[in-house]
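Chemist: Annotations for this protein, taken from Swiss-Prot, read as follows:
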- Glu45, Asp70, Asn97, Asn119: S-adenosyl-L-methionine binding site (BINDING)
- Lys123, Asp155, Thr193, Glu194, Tyr195, Glu196: substrate binding site (BINDING)
- 125-130: region 'Interaction with RNA' (REGION)
Amino acid sequence: MRLRKKWWARPELEASPIFKSLDEARELKGNWKDEFKNNNDIYLELGCGRGGFAVQAASKFNDKNLISIDLKDEVLVYALKNIVDAELENVRLVAMNIGMIAEIFDENEISRIYINFCNPWPKDRHNKRRLTHTRFLTEYKKFIKPGTEIHFKTDDLDLFNDSLVYFEESGFELLYKTYDLHNSDYADENLMTEYETKFKEKGIKSKFLIAKLK
C-alpha cells in the first residue's frame, strides 16, 4: 500500500537529535561511537518501519547502540515517536536507500544486523534487490566485524530458502534456522515486529535464521 505523503514528517524528524539525514550519516562514517558518546557495540536494523522492533531491541540490549534505517519519512516519524516515548537514548534513525548503506559505515563499525520481513522481490529479474542477496551481503561485509551475526526473519518461503544459499555463497556460517519461529526453541528470545504479529494472528509461519560472518 502506497503511503500518503506527510509534508510535516521531515521537519519533525529533523528537529530531533535521534534522526540523521543521509548527508549527516555520511559525515558520521567511522565516527558513530562519537555520536553515541560511548564505545558500545553498534547493531543495525535494515527496514525499521514504525519502530516497534527498534524499541524492543534497544530496551533489551541497553548496553548496545542501535541504528535503524528506513527509506520513508512517513514511517520514520512514527518510529521516532515510539523511541521518544520509550525514553531511549541508544537509538538513531536514518532515512536512506539501503542500497547505499556502505556509504555511512566504516570497516568493523557494525556488530550485528537485523533484517525483518523485507520485500521478497519474487520475480527473478528483481532478486538482486533482496536485502539478503549476495550483492547486499558483499556490501555489508565492508563494514561488519568478523563474527558478526545477521538475524533474518521472513514469512516468504522462497526468499528464506534462497537466502540460505546467499549466505553460504557469501562466506557466512549458518548458526540457526527454523521454518516455524514461534514454535521453535528460539521463540522466547524473539522480538516481534508489527508485521510478524499480524502474520502470527493469521496463522502464517515466520522463518528465521542466524548467520555469522566467518
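The backbone N, Cα and C atoms fix where each Cβ goes, glycine too.
For the listed features, I'd like the structural context: burial, neighbours, distances.
Modeler: Note: Asp70 (S-adenosyl-L-methionine binding site) has non-local neighbours Gly47, Cys48, Gly49, Leu76, Ala79, Leu93, Ala95, i.e. same-chain residues 6+ apart with C-beta under 8 A of its own C-beta. When secondary structure is read from DSSP and collapsed to three states, Asp70 (S-adenosyl-L-methionine binding site) falls in the strand class.
Mapped onto three states, the DSSP output places Lys123 (substrate binding site) in coil. Neighbour count (other Cβ atoms within 10 Å of the Cβ, all protein chains): 8 for Lys123 (substrate binding site).
A Cβ distance under 8 Å defines the sequence-distant neighbours of the region 'Interaction with RNA' (125-130), meaning residues of its chain 6+ beyond its ends; these are 118-119, 136, 159, 162-163, 166.
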Chemist: Please give me the CB contact count at 10 A for Tyr195 (substrate binding site), counting all chains in the structure.
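Modeler: 18, counting other Cβ atoms within 10 Å of Tyr195 (substrate binding site).
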Chemist: In DSSP terms, helix, strand or coil for Glu45 (S-adenosyl-L-methionine binding site)?
Modeler: strand
Chemist: Whose Cβ lies within 8 Å of the mean position of the Cβ atoms of Glu45, Asp70, Asn97, Asn119, the S-adenosyl-L-methionine site, other than those residues?
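Modeler: Output for this site, in sequence order: Leu46, Gly47, Cys48, Ile69, Leu71, Ile98, Cys118, Leu131.
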Chemist: With every protein chain in view, what's the tally of Cβ atoms within 10 Å of the Cβ of Glu45 (S-adenosyl-L-methionine binding site), excluding that atom itself?
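Modeler: 26, counting other Cβ atoms within 10 Å of Glu45 (S-adenosyl-L-methionine binding site).
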Chemist: In whole Å, how far is Glu45 (S-adenosyl-L-methionine binding site) from Tyr195 (substrate binding site) when you measure between their Cα atoms?
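Modeler: Between the Cα atoms of Tyr195 (substrate binding site) and Glu45 (S-adenosyl-L-methionine binding site), the distance comes to 15 Å.
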